[in-house]
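Asks: Take a look at this one; I'll ask things after.
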Ligand SMILES: [Zn+2]
């Protein structure tokens, strides 16, 4: 039986230390509280590290299954999905990889029977263990820790909000937040005060405020359990109790969840160097952490050509008809101003590099484009910069073209900047003008659709909508095949566009898009 | 001596002359009392605790109390070291201080691990002092004769042993404290500045106490709140509930922020900008303060009288047209009083000088102004940190000679900082005290009257004792352990044991 001893007793103890299990008081009462079952609740705050041994196969398989879920959450996040949309996505995915049924799925009379409960116990054990295994894999860098906490928090929120109300209340009790439901009579007697806090600053009409208040449920907790809400006078206080509306309770629980996880991960990180080097866990953990990365686009063109010949600086103007709006905008700004500011050069330069523009051609392209500068100025100010972005100077890092996620999230443009995502960073008016002028999109229904996407903060959908409109004919010919995949990278946009408009040349239909996993943080 | 002055103003220079001559007359009597007292004290002393940590050997130049020094003529210094010594040996409520910090009659670590810090007359500062009992603390104070002493947190071990304890030495509890100081009001008080204070500007402190006290009780549920005059131009609050003492820095910071309404330090700009509807705490504070604003601010401080001051008021108001109309009106009357100007706002707004004015917005701005001039301006740093030290109650303020007496919150409006006894006055009261009981009745009766009973410190002392007793009652493990009659007997006993 391979790996029955994979995690030896000593390791478990070490790991227990690494998980920073301070809550000894809780570990004795929970999860064994009352029922005698190891996992009386569906939800888990992951305060106690695993106690039992698992096989190496289980160790790896459980972690991989959880990783699939977390990876999908990141994708949803980057697509700016609403919590409802994430819930829909997760429901299917969790059924497959990480099911977690509520106690109510078995008859009440049989719940105290550990045998009847075995199915639930196993699900919960997998959830519990896989969480802790991934902690070990993702504690190693700031970036991984941040992403792990974010995705785990979203997963927890999904489960929390979809949990059976009674069981959720029981779980809340187990967290020892010492809360008490505010009865209707008390709520009515404090209506004026509670309402004032609830709608403060919202400028809500009276009728709407009344409705909102009527629907709200309140919990009473010791004020110091929600001291951050007290700090901002976000709750009503009376005789030492804070009156927390249910709507705020979720954010309270979430804040507590991420805070505890952040703290535990830092402790785990400190412990990591003490894992034995010959430990069989190390390669598994390394492999796992590599699996959890933002998809990075690797162009299938790879420094080669679009039609058998290398791309040259002079072709860029023509090729720009296949650019997404963000790159079109950068290109137009460059032509207009004969200059781009730092992040603009970076975003556009790396994109061109992704097209296959060689360093020599890139230097020619930028030299010609910056026509208002002398050779001397150009050499001093920009040459180094461009070579640097190709990894030929400075740190020698081979920078990769920015993904939509990076463009949306990092370095928001300021006044005078041209980089960023126009769907996100432009005003609606400017966006409409830019779509018309740069992309030739003036069709009313498309423009309105884009406006709706933008309002819903679904910038990638707006971009894809424009793509689909501009390639309508070609996509139809392909009978709606591979074109339905959402574009998540400017270079992907270009490759697909070029492929659709030039069938037969280089693979042709643009479906040969590769998304390659690579762990940026491990380099 | 000036017998015609029954309640002399000890803080004025003229009065000081009287005090000096009086002191010279009474030196003989004083010397004897101190000597008796010291002898008594050393008789009682069974404790072997070293007097001062050898590493902190900033011993007072006199080392032991120098009794002959008492024959020196006291100077005009309001906190003459010799007077201070007299005060600490005869009038300071040591036992009550111990009970207050110890939370029980039996010596515990609540007291023994508590940090005391002394500021000596040579300005040396001794931190991390600690004492098993009040007797040892008293003895050190009389030895060092500090110009003041402060109370810090209770630590995980004896603060003196902090070096051995290394990493595990940390503060674990301290009262939640607040500091109101009139310096924080300098930009809005017109009657005095810097260290000066009068009954008019004391009202800023009174208003602050009202608002903070009710919020600590009604919002946070604290019950054991003691307000103490800081000896010059402010007040301290000591929140002594067990729950308050155990708060960490984060939660102390949350409370401090809860009370932060007046923001920003520059001269210009609106400093109160609140969202509507007002939070119930702000709403209640506003309702408490709005009448005070009329009396204490508009009438007494008159802060918008001059043209320049009025401009500040205009800055805080909304609507350009209304402001122009007001400016025009005020330009024509030189130094129109603030109350009239305040009334002008509504009068002009109502008379239709502006078509753009929104009554609700004007009302909100007026509320913000009221709060800007009346809402507590707390020194938040003092409240935020568990390990912040604060001057002990009943210490003599070295600059004024006034005793840091507790303030009776039920008679808050009557409190007058000028009426707070000074150390010189108290000593004079002892000297002038005449036993109302006839001598021949009972020869013992004279000696049974404690020094404190001879002075105007008595009511403050009683107030403190009452507060401490209440706190101790609440700290008892379980209410079943205190049948009704014991509570009474303990109380009586405690009072007898003082001094
Ligand atoms: Zn004054």
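Heads up, the Cβ atoms here are built off N, Cα and C, so glycines get one too.
Curation plays no part in TrEMBL annotations; they are all automatic predictions.
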Asks: Looking at TrEMBL, A:326, A:421, A:463 are annotated for [4Fe-4S] cluster. Which of A:76, A:404 sits in that same site?
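Replies: When TrEMBL describes the [4Fe-4S] cluster site, the candidate it includes is A:404.
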Asks: What is the number of other Cβ atoms found within 10 Å of the Cβ of residue A:404 ([4Fe-4S] cluster binding site)?
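Replies: For residue A:404 ([4Fe-4S] cluster binding site), the 10 Å Cβ neighbour count is 25.
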Asks: When you measure from the Cβ of residue A:326 ([4Fe-4S] cluster binding site), how many other Cβ atoms are you left with inside 10 Å?
Replies: 29
Asks: Other than A:326, A:404, A:421, A:463, which residues of the same chain sit close to [4Fe-4S] cluster? List them in sequence order, counting a residue when its Cβ is within 8 Å of the Cβ centroid of the site.
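Replies: Neighbours found: A:324, A:325, A:407, A:408, A:422, A:423, A:424, A:459, A:460, A:490.
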Asks: Does residue A:421 ([4Fe-4S] cluster binding site) have same-chain partners at least 6 apart in sequence with Cβ under 8 Å from its own Cβ, and which are they?
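Replies: Result: A:326, A:404, A:407, A:408, A:459, A:463.
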Asks: Using DSSP and collapsing to three states, where does residue A:421 ([4Fe-4S] cluster binding site) fall: helix, strand or coil?
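Replies: Coil, per DSSP.
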